[in-house]
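*Asks:* Below is one structure. I have some questions about it.
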Amino acid sequence: MTFWILAPVMVAAALGILFVRKAVHAALLLAVVMTSLAVLYAVLEAPFLFAVQIIVYTGAILMLFLFVLMLVGVDASDSVVETIRGQRVLAALGGLLLGALLVVALSQVSLGTAVGLESANEGGNIQQLANILFSRYVFAFEATSALLITAAIGAMVLAHRERLTPKEGQAALAARRMRDYAETGKHPGPLPAPGVYARHNAVDTPALLPDGTASELSVNRVLAARGTVRSAPALADDIDEVRKQLGVDPTEMPERSGKSSAPATTTEDVK
Amino acid sequence: MTQYVVLSAILFTIGCVGVLTRRNAIVVFMCVELMLNACNLAFVAFAKQHGNLDGQVAAFFVMVVAAAEVVVGLAIIMTIFRTRRSASVDDASLLKY
Amino acid sequence: MDHVTIPVVDPGSAEGVLSLLWLVIALPLAGAAVLLVGGPLAGARAKGAMDRWGPWLACTAVGWSFLLSLAMFFALLGHDAEERQVGQHLFTWFEAGSLHVGMDLLYDQLSALFLLLITGVGFLIHVYSVGYMAHDARRLRFFGYLNLFVAAMLVLVLSANFLGLFLGWEGVGLASYLLIGFWQHKHSAAAAAKKAFVINRVGDIGLSLAVAVMFATFGTTDFTTISAVAGEASQGTLNALGLLLLLAACGKSAQVPLQAWLLDAMEGPTPVSALIHAATMVTAGVYLITRSNFIYEHTPLAQTAVVVVATVTLLWGAILGCAKDDIKKALAGSTMSQIGYMMLAAGLGPAGYPFAIFHLLTHGFFKANMFLGAGSVMHGMDDDVDMRHYGALRTYMPVTFLTFAMGYLAIIGFPLFSGFWSKDKIIETALAENTVVGLCALLGAGITGFYMTRLMLMTFFGDKRWEPGVHPHESPQVMTIPLIVLAALSVLGGVMIIGSWIVGWLEPVTGHAVHPEPPIAPILVTLLVVAVVAVGVAAAWFLIGRRDIPREAPAEVSFATRAARSDLYGDAINDVLVVQPGMGLARGLTTFDRAGVDGVVEGGSAAVGGISGTLRRVQNGFVRSYALSLLGGALLVVLALLAVNLG
């Protein structure tokens, strides 16, 4: 019963991985498939694998995927145009053929009634697994430990970046900032914080400058690139509304003077 | 048990097509993971079918190897991204005729 | 032809001084090795010292060989006539299956005489070369080659089987190539060396085929065995062997039709010419035929061929000698002619063999003498070889003139000089065997008198016709002393015939001859020869001696003179018969190779290249394309599994 509920979900989620454009969504759909698999493991009398599937796969590996996605940039989404001629058609054709072949082949064999794992799991699934793992498969187990260490070292080596110049000290940093200010007029202080002088304190809301315009420097570049920056003056509209209801004349408010130069509408989440 | 194995085959095929069509290296990796998981499902199903735990041990090993592979693979993707500012597998196509 | 018992080669073992036989070869060989290997390896200072003592080392090596030969000769004299064949087994050269070839030496009466000639005259030529080549920068190499030449010739005459003889034969060919082309910077010298080498190869094919036929027929190449069983082979085999050996002898001894190289070989330094003509090389053919007497005695056909070739050559060479203005080429023509006499004698069977060898020895003396004399003249005339630029040299070069005159008198057969005895005997034997051949030989003697007198007159008598700035002078003593020694030998060489000593000496080797009754008395033959020679000399005196000799060769001459000047069209005949067809064949093969073979090969490679160029597009660098082909492979595997399991 569980199978028939989960199987369509899994197939749908897997197909989703093929079609969604954003990598994050694909990762989440994969999480669905993996969790469902974990449940199927439980049904198939593999409680240890059930736990490992959730902890290692869904917990560790998928999180690693998401982490890398964050580093690479969430905006990295596939374009719809296929660059290699005929690749999609051939891939679909090959996939269908492979699936059909496998299904046809499997339908040709009759597996008969399952033996079940009652006797094999006697004394507990984990204990029995451990028995096998540390007796018959002990060499393979040791080999995997070597493999894991190698992988860890390899990842470290790959991710490591050699520092080519000496680390800049605080004094040098300050001197450089002052020099930049003298030569290009770049502001020597820290970047303005978002939400300051605004009527909103969210990170995607730019700070307002004294003349009422929005400071682009106060918002993260990634947010600007994604186009999810809110318009601070637009958010002020409802405050004006409240003031009006309170009987305060909004035209007397000094912060309104720069409103015209700021984005008038909220431009949230434009894909 | 047949239905588990059939599901495994379908998931494997979907993963396969994903590897062939998606261009984002990370998504390609996810599809590889999907294929590995499909195999694991077949292992576990057959373990129950035959009534011994070797299939489950095999699935366990597959997980370990997959973890190692993901670690190294993602590190490689990171390195490529750092130098090329792109995670597309098609951009890394200089090794050709 | 009266058949005689053919002697069998059956050597005893070498003892006493005769056991040093191998040393005769080893000494010049070691000298060659030291000079040819040490010379290039030596540093600058060592090279300077070596340049001083190297030539003397070469002389010493050959000189010791000569002393050894002399000692062994006297040792051999001390033996009984039946025990004068001595063999020495050095080592097994190679063996394959039933084939055993030993490095065996045979020292008998024949090789003893050759040893004396080669090492004796060779030694004198070496000494002469020390003076002649004193200013040549590459004289170390020259003396190395000379030693190699002598060593190869010694191997040739000492070997106890035909394969060892072949080894020496090829060594002589190599050394002659190196020496004729010694001044390789001259194009003509390089071409002459190549010509000599190539024409010699033709003869070598004859010898190698003969050796192969011997292996096939007798299963060995030892003189001992073959001389014992030669008569058992079929007549056809023996004819083939005789003709093949004759071909070989023609190549080495410059007999018609392989004569063309000899005149061009004059491009080499003069001592080399002397060595080739007197002591080594051209005598090898005569040696070969004499040594193979046990084969020729069974094949009258080949013997007749030898006589015909020899007669043609002796006249051919004599005619060439009449027309050449180059002193060395005139001498070379005379060599051809004289070798023809030897071959003629050798072709006459046991009655002629001793006289062939006798003439070979005397010729070795007087021809070495005259060549070295010619070299001395050239030395004084700034290497000018044109006799039309000589004249009146007898007072400027008294020693050269006197020694040359001894050689001249010897070669024309002036009574009591060495050539008189040897040539007279050959003509006498030839007349006894065949009147036509005898008359041809007689005619040759007359022509010899003519052209040698012409040479003498043009060189030493008459007016001065020198090039401006030439100051003739006598050569240094190191050159004149060998000339004097050789002149003495030219005069006295005839002593070997006293009491028919040489006939008796060689009889165990060449067989006892039953002399046929001559048509006229020997004394009449002698008188006839002297008369014919006198006619030739007189003709030369009237035609040349009494007239002024133009400095340039006259262009308006008779057809006969033109023909003789161009070597009786020997080169033209070779060109038409061999070179042009060969070139045509080579061109055709080249065209076929380019169009046919290369077309197939290169077309195939071009096709493969084109296909590869197209196929490599598959390597497009996209990992997803590769994955797709991977999927295709997986599909095929699954299909195959299904087909096997369900089928």
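Quick reminder: no glycine exception, Cβ is built from N, Cα and C everywhere.
Curation plays no part in TrEMBL annotations; they are all automatic predictions.
Residues or ranges marked as domain 'NADH-Ubiquinone oxidoreductase (complex I) chain 5 N-terminal' in TrEMBL: C:93-143. Annotation source TrEMBL lists domain 'NADH:quinone oxidoreductase/Mrp antiporter transmembrane' at C:159-448. Under the heading transmembrane segment, TrEMBL lists C:20-44, C:56-77, C:110-130, C:142-169, C:205-226, C:238-258, C:301-319, C:339-361, C:396-416, C:436-457, C:478-503, C:523-544 (among others).
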*Asks:* Quick one: do the transmembrane segment (C:396-416) and the transmembrane segment (C:142-169) have at least 3 Cβ pairs under 8 Å, skipping pairs fewer than 6 apart in sequence?
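*Replies:* Checked: the transmembrane segment (C:396-416) vs the transmembrane segment (C:142-169), no contact.
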*Asks:* So what's the mean pLDDT when you look at the domain 'NADH-Ubiquinone oxidoreductase (complex I) chain 5 N-terminal' (C:93-143)?
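*Replies:* Taking every residue of the domain 'NADH-Ubiquinone oxidoreductase (complex I) chain 5 N-terminal' (C:93-143) together, the mean pLDDT is 88.
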*Asks:* Helix, strand, coil residue numbers for the domain 'NADH-Ubiquinone oxidoreductase (complex I) chain 5 N-terminal' (C:93-143) per DSSP?
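*Replies:* The domain 'NADH-Ubiquinone oxidoreductase (complex I) chain 5 N-terminal' (C:93-143) comes out at 29 helix, 13 strand, 9 coil.
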*Asks:* Residues of the same chain, at least six outside the transmembrane segment (C:301-319), with any C-beta under 8 angstroms of its C-beta?
*Replies:* 1, 238-239, 241-243, 245-246, 249-250, 254-256, 259, 289, 295, 333-344, 346-349, 434, 437, 440-441, 443-444, 447-448, 451, 560, 564, 568
*Asks:* Would you mind listing the long-range same-chain contacts of the transmembrane segment (C:142-169), meaning Cβ under 8 Å and 6+ residues beyond its ends?
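*Replies:* Result: 9, 11, 21, 24-25, 28-29, 31-32, 34-36, 39, 54-55, 57-58, 61-62, 65, 87, 93, 101-107, 110-111, 114-115, 118-119, 122, 125-126, 129, 133, 136, 175-176, 178-179, 182, 204, 207-208, 210-211, 214, 220-224, 226, 248, 252, 269, 271-272, 275, 279-281, 284, 287-288, 291.
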*Asks:* Let me spell it out: take the transmembrane segment (C:478-503), skip the flanking residues so only those 6+ beyond its ends count, and list any with a Cβ under 8 Å from a Cβ in it.
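*Replies:* For the transmembrane segment (C:478-503), the sequence-distant neighbours (Cβ-Cβ under 8 Å, at least 6 residues beyond its ends) are 113, 121, 124-125, 127-128, 130-132, 354, 357-358, 361-362, 365-366, 368-369, 372-373, 375-376, 379, 399-400, 402-404, 406-407, 409-410, 416-422, 425, 513.
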*Asks:* State the non-local partners of the transmembrane segment (C:20-44) in its own chain: residues 6+ outside its ends, Cβ under 8 Å from one of its Cβ atoms.
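*Replies:* That would be 14, 50, 54, 57-58, 60-62, 64-65, 68-69, 72, 86, 88, 90, 105, 107, 115, 119, 140-141, 143-145, 147-148, 150-151, 154-155, 158.
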